[in-house]
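Trainee: After the structure tokens below, expect a handful of questions from me.
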Amino acid sequence: MEPFGPDDAPQVRFVIHPIPSQPDVEITCAAPAVDRREVTSSNGESELRWVIEAMVDVGGRQWPIELTLTNRESMNYRMLLGRTAIRDGIVVNPADSYVQGKIGYKVYSDYPRQKPVKRPLRIAILTREPTNYSSKRLKKAAEDRGHVAEMINTARCSMGINTLSPAIYYDGRRLPRFDAVIPRIGASMTNYGMAVIRQFAMTGAYILNPAAAIGASRDKLYAHQLLARAGIGMPSTAFAHSPKDTKTLIELVGGAPLVVKLLESTQGRGVVLADTKKAAESVIDAFRGLEANFIVQEFVKEAGGADIRCFVVGGKVVAAMKRQASADEFRSNLHRGGTAEAVKITPEERSTAVKAAKAMGLSVAGVDLLRSNSGPKILEVNSSPGLEGIERTSEKDVAGIIIEYMESQVQTVSLPRTSRRKGALKASDAPENTELKVIEASGKASEEAGE
Ligand SMILES: Nc1ncnc2c1ncn2[C@@H]1O[C@H](COP(=O)(O)OP(=O)(O)OP(=O)(O)O)[C@@H](O)[C@H]1O
Ligand SMILES: [Mg+2]
Ligand SMILES: [Mg+2]
């Protein structure tokens, strides 16, 4: 589904697969968009859907109804009629089927079969650091595959929020529609970045890592709860608000030695190892005094100052590296003098990393885990994992793998040139002609988007 056309007369283009057993029968339609509505489906998930008008034909009667568009690929019935679509003078008999006779699919038999048209994608890389290794690699990998990729500085996007025509402005100019967005959102831009991503999603763009997934992985408390709920191994972790609970916190993780982590920590800066109970109490009290948010965690000694970064793309670990802390240091962060090398991971580590990325809802994730006596333990899941270390150590084209995964996810709409179907829905016969302006983000970026 993709919106197109002018602001005051927006349309939506979509593809239907009317025959469940024959997905190659594909019909492209376009119709005026009459509304967008939040619809809660039978599985309880709500979704913002395009609304169009169409004629329904039952028992020789025709009348107009409103249809909301959604992906029902996995459903037995490709269309449901709601109670507002069923008019006066109609009786539904739940004990009977096919009262109006069965309709065959014959009507589609002479419909031309089409292969989906592969066309270059228009990709936005949302980053404040267009010149860092990861951003440049992603742009190059996209361009090498014939796509158009632009760096869009998250901080310079502004939004017009309205129902039918969601718009994003960049330095005051309206951005063209993008097919796909690669978010590379730094920690200090999480909230605004998420809003920008949601806005791109409203325009119909495919989002590599959805806003909610980025939010979940950034919120360490929530992330740990999600991992626990998915039954994924992690170091025992505790958090508390009241200073009275220091003792409980220490007991909850099995006593000292333990690790205290500032929630805002990056690059290992706010991660402290307390060897004894006394030390643990002082560190916790000190962090409390500073009104810092922190978690207390069991120290996984047997990890020996090493952690494993598993790079997950589309439910597969595509590369992994081991980071080893320097001598006398338990934190393996490269910024703390750690070294990285390629590593072969076990099937259990592989499936744990994949599960962790899935629990967060991330298509692309950097999953960090420790090797413990009781199997892999997840430390964290990063939503904008850096590419430099992992590509250097694994010698893999991770950026290329990401772009290829994206190609497989973005449904490019094929446009039949010939046939027109009668009725309210017309097959559109020409692609929308939008001029593409290439916008180069400039200016100094103040933060690392990749982690
Ligand atoms: N519970 C633990 N047991 C043993 N080692 C740990 C534990 N927690 C963290 N470490 C070590 O400390 C390093 C830093 O911890 P962590 O990754 O949680 O925080 P961070 O690096 O500051 O966060 P970010 O990776 O987002 O920058 C880890 O890479 C790991 O080597
Ligand atoms: Mg880390
Ligand atoms: Mg992190």
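In case you wondered, yes, glycine gets a Cβ from its N, Cα and C as well.
What TrEMBL shows for this protein is this:
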{"type": "DOMAIN", "residues": "224-407", "note": "domain 'ATP-grasp'"}
{"type": "BINDING", "residues": "LYS261, GLU298, PHE299, ASP307, ARG331, SER332, ASN333", "note": "ATP binding site"}
{"type": "BINDING", "residues": "ASP368, GLU380", "note": "Mg(2+) 1 binding site"}
{"type": "BINDING", "residues": "ASP368, GLU380", "note": "Mn(2+) 1 binding site"}
{"type": "BINDING", "residues": "GLU380, ASN382", "note": "Mg(2+) 2 binding site"}
{"type": "BINDING", "residues": "GLU380, ASN382", "note": "Mn(2+) 2 binding site"}
{"type": "REGION", "residues": "414-451", "note": "region 'Disordered'"}
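Can you tell me where each of these features sits in the structure?
Mentor: Listed in sequence order, LYS220, GLY270, VAL271, VAL272, PHE294, ILE295, VAL296, GLN297 are the same-chain residues six or more apart from LYS261 (ATP binding site) with CB atoms under 8 A from its CB. In the three-state DSSP reading, LYS261 (ATP binding site) counts as strand.
Sequence-distant contacts (6 or more apart, same chain, Cβ under 8 Å) of ASP368 (Mg(2+) 1 binding site) comprise ASP307, ILE308, ARG309, CYS310, ILE378, LEU379, GLU380, VAL381, ASN382.
In the three-state DSSP assignment, the secondary structure recorded for ASP368 (Mg(2+) 1 binding site) is strand.
DSSP classifies ASN382 (Mg(2+) 2 binding site) as strand under the three-state reduction.
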Trainee: Give the subset of the binding-site residues PHE299, ARG331, ASP368, GLU380, ASN382 lying near ligand 3, defined as CB under 6 A from any of its atoms.
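Mentor: Passing the 6 Å Cβ check against ligand 3: GLU380, ASN382.
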Trainee: For the binding-site residues GLU298, GLU380, which Cβ has the most other Cβ atoms within 10 Å, all shown protein chains included?
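Mentor: Within the set of binding-site residues, the most crowded position is GLU380.
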Trainee: Taking the Cβ of each of the binding-site residues and counting other Cβ atoms inside 10 Å, which one has the highest number: SER332, ASN333, ASN382?
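Mentor: Most Cβ neighbours within 10 Å: SER332.
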Trainee: Relative to ligand 2, which of the binding-site residues GLU298, PHE299, ASP307, SER332 have a Cβ found under 6 Å from one of its atoms?
Mentor: none
Trainee: Around the C-beta of ARG331 (ATP binding site), how many further C-beta atoms are within 10 angstroms, looking at every protein chain?
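Mentor: Total other Cβ atoms inside 10 Å, all chains included: 21.
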Trainee: Per-residue pLDDT averaged over the domain 'ATP-grasp' (224-407) comes to what?
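Mentor: A mean pLDDT of 93 is what the model gives the domain 'ATP-grasp' (224-407).
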Trainee: Over all shown protein chains, what is the count of other CB atoms within 10 A of the CB belonging to ASP307 (ATP binding site)?
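Mentor: Neighbour count, Cβ to Cβ under the 10 Å cut-off: 24.
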